[in-house]
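See below for the structure under consideration.
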Amino acid sequence: MTDSVDPRRSSPAAAASLLWIGRVARPSAALIVPLLVLCIIIALTGAPRLESIMTEALIYVVLVAGLSIFIGNSGIVSFGHVTFALIGAYASAWQTCCGPMRLIFMPELPVWMATAQVPLGLAALLAATLAGFVALILGVALMRLSGTAASIALLSVLFVFKTAYENWDGWTAGQSAIVGLPTYVTLWVALGAAAVAILIATLYRVSSYGLRLRAVREDEAAARASGVNAWTQKLVAFTISGFVAGLGGVLYGHFLGTISVSMFWLDMTFLTLAMLVVGGLRSLTGAVVGALFVAALRECIQVFERGISVGDNLLQAPEGTREIVLAIVLLSILIFRPQGLVGELEVGERR
């Protein structure tokens with residue numbers, strides 16, 4: 001008589017693997033599926049303007065998800081993450097800008113780079129990897145800081161790279177815009193990238209690295225006493241978030257078809273931070289909700305700035321209304337709901 005194996009039983013390792021996969025899959029799907037449904041609805045309307053708005057909003061989801069990986073888990077507010085979007089955007093332009101434009105705007109590129117035509121997907125991956133590598137190099141020194149000192153240091157990094165790129169004429173066209181980038185970022189490409197960013201952020205959050213960094217965030221002294229290396233945990237998160245932010249920069253450049261250093265400056269810095277604060281600093285769900293909410297709010301206000309015809313009258317908000325309304329919303333959140341719209345809630349995550 002042979003022994004039969006009870007199919008209901010599984011090894012502890014297999015059970016643990018299934019549990020871990022579930023911890024990643026549930027919250028990721030809970031964010032990605034609604035985005036997919038929203039994109040399908042927008043695509044069915046056949047309205048190009050709506051598709052363009054949603055595409056840009058999804059690019060901001062990628063950027064804010066990158067911010068959330070570091071800020072949400074470390075508690076350190078970064079004013080410098082747009083630096084990595086800048087690096088990613090220009091690194092992609094070096095590889096994919098059409099040949100004649102590359103010679104005009106970037107005449108000092110090495111011959112092998114000036115003549116190479118890298119596949120768009122590979123170029124995006126290489127550009128994001130470069131951004132992550134720069135984050136790793138910078139993080140070796142910067143992640144020894146914490147709190148306000150780290151925030152100011154990261155802002156300084158943004159100033160340094162902005163100045164460097166504006167004066168690196170032979171590679172970046174200086175203060176001029178680079179045109180001729182392939183505009184391959186459609187609604188579905190942006191959705192795919194947002195799904196990847198959400199998956200990376202979720203993987204990090206549920207990993208032991210994310211858990212240890214949140215322990216450092218809550219009580220660094222206690223975490224150190226428990227054997228957690230705070231510097232290492234911050235460095236890992238900073239590097240991963242730099243990669244995701246770099247991917248966001250790539251998408252932004254190939255959505256517009258043009259890039260300039262001024263695009264990746266204080267406006268984008270404070271917009272992405274506002275999205276994260278409005279949604280919830282400590283929640284990936286908050287990052288996604290905040291990005292979509294603020295993007296929709298800005299677009300609605302922009303409609304009024306362009307003007308709405310009511311009978312024979314034109315109702316038009318003055319220029320700059322978007323920034324004023326966003327500032328009011330941000331102040332209201334900070335005063336009345338400092339934890340953000342969703343607080344620390346993670347949809348699909350079991351408590």
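Any Cβ shown, glycine's included, is placed from N, Cα and C.
Just so you know, TrEMBL annotations never went through curation; they're auto-generated.
Look at TrEMBL and you will find 28-46 (among others) tagged as transmembrane segment. Within its own chain, the transmembrane segment (28-46) is flanked in space by residues 54, 58, 61, 187-188, 191, 194-195, 198-199, 202, 284-285, 288, 347-348, which lie at least six positions past its ends and keep a Cβ under 8 Å from the stretch.
Here TrEMBL flags 58-91 (among others) as transmembrane segment. Outside the transmembrane segment (58-91), and at least 6 residues removed from its termini, the chain residues within Cβ reach (under 8 Å) are 35, 39, 126-128, 130-132, 134-135, 146-147, 150-158, 161-162, 165, 171-172, 178, 185, 187, 190-191, 193-194, 197-198, 200-201, 204-205, 210, 213-214, 216-217, 233-234, 237-238, 240-253, 255, 259, 261, 263-265, 268-269, 271-273, 275-276, 279, 281-284, 286-288, 290-292, 294-295.
Distant neighbours of the transmembrane segment (111-138): 83-85, 87-89, 91-92, 94-96, 99, 102-103, 157, 182, 184, 235, 238-247, 249-251, 254; these residues of the same chain sit at least 6 beyond its ends, with a Cβ under 8 Å from one of its Cβ atoms. Per TrEMBL, transmembrane segment is recorded for 111-138 (among others).
What TrEMBL records for 145-165 (among others) is transmembrane segment.
Positions annotated as transmembrane segment by TrEMBL: 185-204 (among others).
Residues annotated as transmembrane segment in TrEMBL: 235-256 (among others).
If you look up TrEMBL, you'll see 268-297 (among others) marked as transmembrane segment.
Between the transmembrane segment (185-204) and the stretches 145-165, 235-256, 268-297, Cβ pairs under 8 Å are most numerous for 235-256.
Residues 76-83, 86-87, 90, 138, 172, 220, 230, 261, 264-265, 269 of the same chain sit 6 or more residues outside the transmembrane segment (145-165) yet have a Cβ under 8 Å from a Cβ within it.
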